[in-house]
Amino acid sequence: MICFPNAKINLGLNVVSKRPDGYHNIETIFYPVPVKDALEIVGADSFSFTQTGIPVDAPAEKNLVIKAMNLLKSRYEIPELNVHLLKAIPFGAGLGGGSADAAFMLKLLNDYCKLDISQEELEKLASSIGADCPFFIRNTPVFASGTGNIFEPVKLSLKGYHLCLVKPDVAVSTPEAYANVTPQAPHVSLKEIAEKPVTDWKELMINDFEKSVFPKYPVISEIKEMLYREGALYASMSGSGSSVFGLFREATGLKGLFPDCFVWEGQLP
Ligand SMILES: C[C@](O)(CO)[C@H](O)COP(=O)(O)OP(=O)(O)OC[C@H]1O[C@@H](n2ccc(N)nc2=O)[C@H](O)[C@@H]1O
Ligand SMILES: Nc1ncnc2c1ncn2[C@@H]1O[C@H](COP(=O)(O)OP(=O)(O)OP(=O)(O)O)[C@@H](O)[C@H]1O
């Protein structure tokens, strides 16, 4: 069985407050985008894990795909499998690629082994793997609060817009990014802003991580400025960085502008 875990972008991100458990309450819009890994499982006599594409800098047992498999193994009967991950979503990017792999592994095993685990339970399991993970169980645009695990529907579609996603050759550490933000409740709800036309977002929609990440990694803010210069209606860093996305009305051909960067351009479904 095969599946294609996709990335997400964050449309706005407010770090609202620090929690007693060390995590932060946030408000963000998660939006799935069609930048994809490939994840395959095949029944086997003994377990194996192989990985191609962008090399993940973690040993097999620390790979989030295997963490997800082991989490289910601790609760359910899971047969021996050959697992293969083809990594195409850059990491350290704010694109949630590792979390997507884990969430899709939970869903894949749920189907393959006919475990009949509910969506609610899958989201609970996913949240024990990573803060971005539960979103990928439902994988539709949502307004998220809590640690990013409480979801509300949002009236928003970017269908037909062209996305240009750029990740420079720097990786931002998520814990460090959170540590450098001063939490503050937003004055206007992000959900309200997101339901306004995309052309209003530039003035209203903020990613709180940009304030501390941009001075440390000026290349990220330069990319954002370039996307606006090229006609983006809205541009922002995604999550805690280092990727930046621009939303355009027309097809873009900006790859040549960003040498040494990962660039993905395409129309949103
Ligand atoms: C920045 C975002 O990508 C926005 O979607 C997420 O909030 C981060 O999600 P993630 O990478 O899945 O995060 P995790 O792997 O669970 O956590 C990494 C670290 O980020 C910090 N963290 C994460 C999520 C959150 N709501 N508050 C936090 O303070 C914690 O220090 C945590 O130890
Ligand atoms: N399947 C996986 N894909 C990517 N990274 C993985 C995977 N499994 C484990 N990791 C580890 O997680 C780290 C990347 O996590 P990180 O949270 O920075 O990346 P991300 O996928 O871009 O997500 P985020 O949106 O949270 O930034 C890698 O350095 C790697 O060690």
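Every residue gets a Cβ built from N, Cα and C, even glycine.
Caution: TrEMBL annotation is automatic and unverified by curators.
Quick look at what TrEMBL lists:
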ACT_SITE  K8  active site
ACT_SITE  D132  active site
BINDING   P90, F91, G92, A93, G94, L95, G96, G97, G98, S99, A100  ATP binding site
DOMAIN    63-137  domain 'GHMP kinase N-terminal'
DOMAIN    192-250  domain 'GHMP kinase C-terminal'
Fewest-neighbour residue among binding-site residues, criterion Cβ within 10 Å, set P90, G92, G96, G98: G92
Within the domain 'GHMP kinase C-terminal' (192-250), residues counted as helix, strand or coil by DSSP: 29 helix, 10 strand, 20 coil
Distance from D132 (active site) back to P90 (ATP binding site), taken between C-alpha atoms, in Å: 15
Cβ under 6 Å from ligand 2: qualifying binding-site residues of P90, G92, G94: G92, G94
Set of same-chain residues at least 6 away whose C-beta sits under 8 angstroms from D132 (active site): K8, F30, G96, S99, A100, G148, G239
Within the predicted model, mean pLDDT of the domain 'GHMP kinase N-terminal' (63-137): 98
